[in-house]
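Listed features, source TrEMBL:
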type	residues	note
BINDING	R277, 302-303, 316-320, 333-340, N354	FAD binding site
DOMAIN	76-257	domain 'Electron transfer flavoprotein alpha/beta-subunit N-terminal'
REGION	233-256	region 'Disordered'
Amino acid sequence: MNAQLTSEEPKKHLNSSDTLVELFKLFDRQVSTEGTLLSLVIARSTLNKSLRIDMLARQIIRRVATQTPRSVAMSTLVVAEHNQSQISGPTLATVSAASQIGGDITVLVLGSQAGPAAEAAAKVAGVKSVLHAADAKYDHYVAEEVAELLVAAQKAGNYSHVLAPSSNASKNYLPRAGAKLDVAPISDIVAVADKDTFFRPTYAGNAIAQIKSKDAVKLITVRPTGFEKAAAEGGSASVSPAPEAPTVGKTSFVSEEVSKSERPDLASARVVISGGRGLKSGENFEMLYKLADKLGGAVGASRAAVDAGFVPNELQVGQTGKVVAPELYVAAGISGAIQHLAGMKDSKTIVAINKDEEAPIFQVADYGLVDDLFTAVPELTEKI
């Protein structure tokens with residue numbers, strides 16, 4: 001059986017786990033071509049336009065955007081996320097978004113121990129300068145303190161745009177900065193048309209809204225899956241201290257509990273194996289962990305599985321969880337609620353395993369295996 005799905009072929013369910021194993025092997029060897037990916041995109045759009053953002057359309061939007069003339073001088077401040085030594089992938093995607101807007105790009109790095117991260121930011125292609133806010137009050141991104149810093153930095157640098165990766169932190173501090181600057185933030189953009197016009201998903205990803213802002217300063221969060229990452233090497237920006245900002249002092253950091261795992265981070269993993277309520281218990285997620293380890297991937301879950309207490313909240317993928325776009329996304333025992341699709345529909349290849357052939361997840365899957373996951377998943381793990 002030919003496992004490749006093209007726009008001329010009707011979508012079909014895989015008839016055996018052996019075929020799915022072959023798919024995984026092909027994926028692991030990275031033999032997919034641009035033409036194959038394009039055919040998958042066309043097939044997805046043909047199968048169910050209402051359930052996913054059409055990636056091909058977004059690519060066209062970006063191509064049009066890059067041809068838009070920009071005569072107004074602009075400059076963008078990008079708020080970096082980092083691990084004190086390296087700049088995060090979402091930040092690199094945000095730099096790409098800034099480059100599409102145009103003008104000089106300055107990266108703001110926060111934290112008293114973030115000197116190496118500031119040096120790493122200076123090497124990112126397209127970055128002209130780096131500001132390092134080395135005060136310890138910024139170590140944990142306390143929203144009130146970061147908002148004051150953004151206002152001070154914007155006024156000092158007269159930036160036309162302030163961008164940040166879409167995250168729990170940016171969703172907290174950016175609206176505060178917007179209130180102080182008397183502008184309306186724009187959230188989760190996935191494409192840039194020009195300096196004033198942006199595209200963002202709405203209605204749980206079922207539609208793309210065009211947003212045009214007349215504010216003198218645009219505050220924007222960027223959905224990392226909407227943009228390619230900027231090159232981490234190739235730049236030679238200068239690093240200088242960030243402007244001083246008044247201390248608010250109304251909120252203080254108390255403690256942080258960090259989950260440690262040897263698996264890749266869910267938001268940036270190349271492979272994600274997700275389970276839903278069909279797993280029936282937290283113990284049964286162990287089979288997904290084994291499959292993920294075989295493929296070098298991370299484990300995710302639907303909200304139903306999280307609400308049932310099968311796995312912790314940090315594994316949730318969906319509208320109210322993490323948004324992911326791995327090369328390969330495997331959904332086992334997930335029915336396909338629209339809220340879950342909003343968090344994974346930009347995945348390059350989607351594989352669904354479900355014993356109910358009418359499950360909505362099959363409408364967006366590139367490959368589907370109709371089988372009992374308690375039989376199929378262990379068999380796949382053994383054969384890979």
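Including glycine, each Cβ sits where the backbone N, Cα and C put it.
Here the features listed in TrEMBL are placed on the structure.
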residue: R277; record: FAD binding site; Cβ contacts under 8 Å, 6 or more apart: S302, A304, A305, A308, F310, G333, I334, S335
residue: Q316; record: FAD binding site; Cβ contacts under 8 Å, 6 or more apart: G300, A301, S302, R303, V306, K322
residue: Q319; record: FAD binding site; Cβ contacts under 8 Å, 6 or more apart: A204, G205, I338, Q339, H340, A342, G343
residue: A337; record: FAD binding site; Cβ contacts under 8 Å, 6 or more apart: S302, R303, A304, G318, P360
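The residues of the region 'Disordered' (233-256), classed with DSSP into helix (H, G, I), strand (E, B) and coil, number 0 helix, 4 strand, 20 coil.
Under DSSP, Q319 (FAD binding site) is assigned to coil, being neither helix nor strand in the three-state scheme. For H340 (FAD binding site), the number of other Cβ atoms no farther than 10 Å from its own Cβ, over all displayed protein chains, is 29. Mean pLDDT for the domain 'Electron transfer flavoprotein alpha/beta-subunit N-terminal' (76-257) in the predicted structure: 95.
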